[in-house]
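Engineer: Could you have a look at this structure, given as structure tokens, before my questions?
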Amino acid sequence: MDRIQENQKKATNLCELYADGNDDDSEKEQQDRGLDAQFLLRSTPEDVEKYMIHVRKQLMEGEGECLVELGAPINSNSKNPKSGLSEEDLDKAADAQLKILEKIPAVGTKVIRRKQTGGGSLFTEVWIIRDPPTEKDFIEARVAVVGNVDAGKSTLLGVLTHSALDDGRGAARTKLFRHKHEFESGRTSSVGNDILGFDVHGNIVNKPDPHNHNLDWVQIGSDCAKLVTFIDLAGHEKYLKTTIFGMTGHMPDYTMLMIGANMGIIGTTKEHLSLALSLHVPVYLVVTKIDMCPANILEETMKNITRLVRSAKKLPILVRNMDDVVHAAVNFPSKKVCPIFQVSNVEGTNLPLLRQFLNIVPLRRQLNENDPAHFQIDDIYWVDGVGTIASGTLLSGTIRLNDILLLGPTSNGDFMPIPIKSIHRKRMPVGIVKCGQSASFALKKIPKKDVRKGMVLVDPKVKPVASMVFEAEILVLHHPTTIKPNYQAMLHIGSVRQTATLVSMGKEVLRTGDRDKVQFKFIRQPEYIRPGTKMVFREGRTKAVGTVSSVVPQESLAQQRAKQKDGRQKQYGKKSMGPKPPNGKPKEKIEKKLDALSIEQLTSAASTSTSST
């Protein structure tokens, strides 16, 4: 049984303990009562069971991890709840919590002890609680790394993932490059993936090979309880389409926007920030190269960053210590705050704070595990001896080995059944993929040319239908002139990337800042898209974002042939072998009539010739 299903069952069983006394008003009031700051010191059976239900609920919402604060009330109905315990009582509360976590079961680790402001000698402790580690299963968080060219994106990722500082000349970034021209230019041109693993207590498990500096992904995946995947995107403007595809197709949970302290907000920085905000992806900022930046330049850069963050209606939080890390991590999923880190890849300044933030920041994804499986493909590979490999993200449901899914749509809009014979997560073979996780599947007996980015693997229960035409509600972020019908642009909808024509719209023309409901039509082939999906379309300097509101289903080639066959059977009958004559008379009767006419004509012609002779 899956870990989440086990937690749900245990939480349900504990809830049933309170169901027996629903008729008693006093017990009902006690059930609705929250937990005060000292409930762990009492550890009554009722409070313990209530706390276990609370922790299990938080673990399910956080996909296996959550943050709790000892010495703070939980769901208290009091208007002025008291927080904080003495250090002696806090130690007792921590011991009591460890015993409770063994019953759940879960593993807890102390993050920080905080002194309450105005509370004298009262303290609280922040703990991170995780499900017990299991083999070949871990919490996965995806972070998109964006920013202007030369902001230090690849260098920071090299330092974080390989636990080695940079030499100031870009040695750390060379560990991540994939192509020859990237080594020569020092600039990322493709979507790169790098991982950072944490064990159940928050310790980093990345151990690069001392000879070739490569990471053993399989070993990291088996040792870690949480795995952070960095999606390294290009910063140069000419690679903007690759960056947009990485933001829409790889489904990041967070965005790390990099800004060079010596350069400030230049180039594509604002564009990348607006892209993340339009896709509703939480953003935190990392200011790099503070070791080589003069104090006055750094101060001016921070003023501009604060002004930019506030213009996006977010509260900037400059992270200076571990208390700021906890405060930023707890409030980050609400999308109302924007943490800002100042780091140096050469001296290592504030890098431990950034690592701890990545360790404890919670996930708040909308899980649809009970829905039918829907897997979007964002990359295709060919492996000798294995065949075609499709990688992507599971948006809903679960996929297990030997499941039969539908792959499509093809250029005709068809979907073909495909058995799942092999599943890998981070290069590690697994037996199941859950909603929100990325994975790779081996597609047997299918050529690589028949699979493309943007295709999906869906449950046959969905009965998927491809579409050429769809409607969307859009917002034009920038356009130099006006947009009219028949305008063409490149659309990014999830992993779908195709040019489409603007067929119709509500207004006569669209300008920068306008909103409207429009209709698009793909120019090449049908795609499988769902209402509610975020989209981005661009063409030159034109940028717009929107949401798919409805789709117009298109009949596949197989459906069209079936309809034509049914139509012929209804028109001519099931036993008809050919087309019906235009006058509607049966073929046999016409032939008999022609034969009779020919005999009469021959007889009359013969009699005429006899009389004439």
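These residue numbers are counts, starting from 1, taken along the chain as shown.
In case you wondered, yes, glycine gets a Cβ from its N, Cα and C as well.
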Engineer: For which of the residue intervals 12-15, 232-235, 372-375, 544-547 does Swiss-Prot record region 'G3'?
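Structural biologist: Checking Swiss-Prot against the ranges 12-15, 232-235, 372-375, 544-547, the region 'G3' one is 232-235.
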Engineer: With the ranges 6-10, 21-25, 186-190 to choose from, which does Swiss-Prot describe as region 'G2'?
Structural biologist: 186-190
Engineer: Name the residue range among 147-154, 203-210, 443-450, 507-514 that Swiss-Prot annotates as region 'G1'.
Structural biologist: 147-154
Engineer: Mind checking which residues of the chain, 6+ beyond the ends of the region 'G1' (147-154), have their Cβ under 8 Å from one of its Cβ atoms?
Structural biologist: 172-173, 176-177, 187-188, 192, 232-236, 257-260, 263, 266-269, 272, 288-289, 345
Engineer: Hey, which of the binding-site residues LYS153, HIS236 is the loneliest by Cβ count within 10 Å?
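Structural biologist: Each of the binding-site residues LYS153, HIS236 was scored; lowest Cβ tally within 10 Å is HIS236.
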Engineer: Highest Cβ count within 10 Å among the binding-site residues LEU233, ILE290: which residue is it?
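Structural biologist: Most Cβ neighbours within 10 Å: LEU233.
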Engineer: Can you tell me the mean pLDDT for the region 'G3' (232-235)?
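Structural biologist: That region's mean pLDDT is 83.
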Engineer: For the region 'G1' (147-154), what does DSSP give as the number of helix, strand and coil residues?
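Structural biologist: Taking each residue of the region 'G1' (147-154) in turn, the totals are 2 helix, 1 strand, 5 coil.
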